[in-house]
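Worksheet for the structure shown next.
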Ligand code: ADP
């Protein structure tokens with residue numbers, strides 16, 4: 001039997017570029033699928049950062065063009081191999097080699113229409129037709145649509161099966177319906193019949209959900225939640241129609257990158273035997289580096305996050321008084337909404353030595369925070385999967401989470417009777433429940449250290465690798481008849 005071919009199409013992938021958890025997934029799941037005998041490749045846009053950082057290793061593959069707004073726009077395709085996975089990069093200086101953020105531009109619709117068209121034409125140019133195209137999030141939602149509607153007489157395209165993974169339903173890629181014809185080469189009929197329509201425009205996310213053969217999302221609980229109006233982001237009815245083809249599979253983490261035993265960014269590496277001693281040493285190093293009061297015994301809670309409403313930071317803002325009053329230090333690493341940033345700056349100014357806010361994106365510091373802290377707070381309003389709680393557990397840092405989405409699926413709350421648990425949790429999205437969960441964590445840490453240590457051991461023993469979830473993705477592919 002020949003190797004089955006899977007092409008991952010996404011907007012970001014580690015180790016090349018990352019703005020959120022999507023990059024972690026696209027950067028680590030393919031190599032795990034490779035181990036299961038699949039030929040997995042990945043295609044992403046060539047952003048400026050990649051062009052600058054990786055130019056020496058990128059190889060030219062070919063040049064061609066795609067039609068955008070009735071004009072032939074050139075595409076340069078580059079490639080590189082990382083950890084046995086072949087990556088392709090779609091280069092267009094105007095669309096992708098910009099300073100600053102990866103998305104959030106006026107012409108995002110056109111940029112990603114171009115990217116998706118370039119990916120489909122890449123198959124023709126390389127005579128490489130995967131069995132499955134696995135597309136991720138709104139940036140790639142039109143792949144199954146264009147593949148099925150624009151190549152009606154080409155079995156090479158029609159034979160491709162499509163898996164579409166929702167990493168975050170809140171970002172939908174909604175654009176003007178004028179894009180259908182000129183940018184995407186699709187008939188206005190698809191707007192009229194409702195297939196790609198959202199309100200008075202089109203939605204890349206909805207289109208992917210409607211047209212993919214199978215839809216997955218990144219945790220079983222989120223897969224249930226998005227069928228409801230509370231979490232469905234106005235797409236719950238479309239998702240309900242696809243419920244038979246919808247599956248939730250939790251993310252793993254790349255345990256080669258996230259490994260406290262070998263992590264080169266840590267002052268003191270550790271394993272499950274010396275975790276308690278060395279975490280304290282890491283704590284002291286972090287306190288020193290960030291200007292916190294140096295005390296290895298005080299409880300330190302960390303947050304490493306995008307500063308947006310989704311992450312429940314308004315609860316932290318609301319309850320700052322109660323959190324500051326507690327016997328603990330707080331470390332926040334993140335950037336995002338200006339009002340949250342300003343608020344945290346003000347709190348830091350008034351609570352030197354106890355609260356520290358590092359505004360920005362910093363990979364090394366993130367690693368050091370995961371390793372140094374005792375607790376990790378994620379009071380999310382919704383959380384499709386969440387990666388930070390998995391990293392925290394792996395680093396022996398107990399997550400304090402709201403029971404939603406993947407947080408509910410991956411963190412086992414402390415049970416003082418059975419001593420089970422890998423963290424602390426609360427159910428309802430309100431400040432007092434969050435504070436109560438933080439206080440329970442503190443009580444356990446200070447008053448019941450034996451239990452606390454047991455929870456740390458439980459957390460570190462939890463399998464957060466991709467091994468299990470990669471098998472679940474393979475099961476999804478295996479359900480295609482043609483696959484067998
Ligand atoms: P999301 O994808 O919604 O942002 P996830 O929990 O799935 O949330 O993934 C977030 C990832 O991004 C984690 O690996 C986290 O450590 C990392 N991260 C978030 N903010 C920062 C930051 N400011 N600096 C470094 N890493 C960050």
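For all residues, glycine too, the Cβ spot is worked out from N, Cα and C.
Feature annotation from TrEMBL assigns domain 'Starch synthase catalytic' to 5-240.
Under the heading ADP-alpha-D-glucose binding site, TrEMBL lists 18. Following the DSSP three-state reduction, the secondary structure of residue 18 (ADP-alpha-D-glucose binding site) is coil. Taking Cβ-Cβ distances under 8 Å and a sequence separation of 6 or more, the neighbours of residue 18 (ADP-alpha-D-glucose binding site) in its chain are 12, 24, 27.
Annotation source TrEMBL lists domain 'Glycosyl transferase family 1' at 294-459.
Across the domain 'Starch synthase catalytic' (5-240), the model assigns an average pLDDT of 97.
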